[in-house]
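Report on one structure; see the data block that follows.
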């Protein structure tokens, strides 16, 4: 490695994930040296609570690193090497509607899947495109690592609208599952695994998992998942109830195709009736997040600020943050590390549309992602992927063309919506709810 130090901007500085990312950057500062750390958010008040706590963290652990929090795009995006984008357009108020409106109609209400994911996607596209434009204007040589949801729709939009931008779309969900896999087979973490995986974001399958010696771990993993899903028993005692349910339900998703291991989000598409029956339309995942994660993170920020020290902080590194830092390091030092990303298919999955934005292993280096070939999708997976990818493309069509019909088609095609009349009822309600965020549909 050389003597370079990097300037990093976290766009969406008020996110509850920000302290974990900061802590991870500081923990890995020998591997990925920093000269400057900046936060950017359009909600200055929310960001400031996080920033004041994180500034204490930075000053105590790496006083040589310059720290800045701002709501000014020019100040934020000037002189940066990496932008970590984690915005939520409409905040939790809109996420709550994304979940609760479909549930009123007996349809899965979820942040990134189904009608809720489509609604969120339409809000997110201009927000992420705006960040890309700021980066290209003020730091044209920077890389953006985008993990703003819904990643699949955002990735399709950036492919079309900013095809030459230095943006890498990523998601931490498979990473978290792989850490669980490592625990199931008694390994330290996901970095001890060598894997093959393919699909769309929140919509994929592992076809092979091995350790570094080449030992096939699939038989042991399948035996465990068939009985327990990805639930880790006593190790999950502090895990939120909705996630425990999701990890356990992976056993039923696995049963549909015992030749692979599934992403947990497939439960929404394959068992929507079960999901709706086990949902409370008056208390959804948003309410759980606000009661648990939001409260915990902001209480801890306030405690650090009041104490004037972060020496005894409860914040810690997590899958989400470690993955992002590993990716920055791979690009900065051209390591060719193998990691998952959402990229144009271009033959990676042989029998899927070459323009589809697929999630596959890539080698990361100074020029970004080099996708690896995963062969052909099986018939079951091919059918699911093709349908869902068309939903994502129609959503971006709707944005580009400001088309009500395209958005209705997207919701009608979505596997978890029973028919076009229900899709229209949900859509009409969502048009009103999103009037301040969506383009005016014709």
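Every residue gets a Cβ built from N, Cα and C, even glycine.
According to Swiss-Prot, the features are:
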- 172: active site, proton donor (ACT_SITE)
- 6-72: NAD(+) binding site (BINDING)
- 171, 202: Mn(2+) binding site (BINDING)
- 111: site 'Increases basicity of active site Tyr' (SITE)
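Around the Cβ of residue 15 (NAD(+) binding site), a 10 Å sphere holds 22 further Cβ atoms from the protein chains shown.
With respect to Cβ neighbours within 10 Å, the recorded positions 60, 111, 172 differ, and 60 shows the lowest count.
According to DSSP, residue 69 (NAD(+) binding site) sits within a strand segment. Here the binding-site residues are 42, 51, 69, 171; the one with the fewest Cβ atoms within 10 Å of its Cβ is 42. Distance between Cα atoms for residue 172 (active site, proton donor) and residue 24 (NAD(+) binding site): 15 Å, as a whole number. Secondary structure at residue 6 (NAD(+) binding site), taken from DSSP and collapsed to helix, strand or coil, is strand. Candidate recorded positions: 111, 171, 202. Nearest to residue 6 (NAD(+) binding site) by Cα distance: 171. The C-beta environment of residue 33 (NAD(+) binding site), restricted to residues of the same chain at least 6 apart in sequence and closer than 8 Å, consists of 4, 5, 6.
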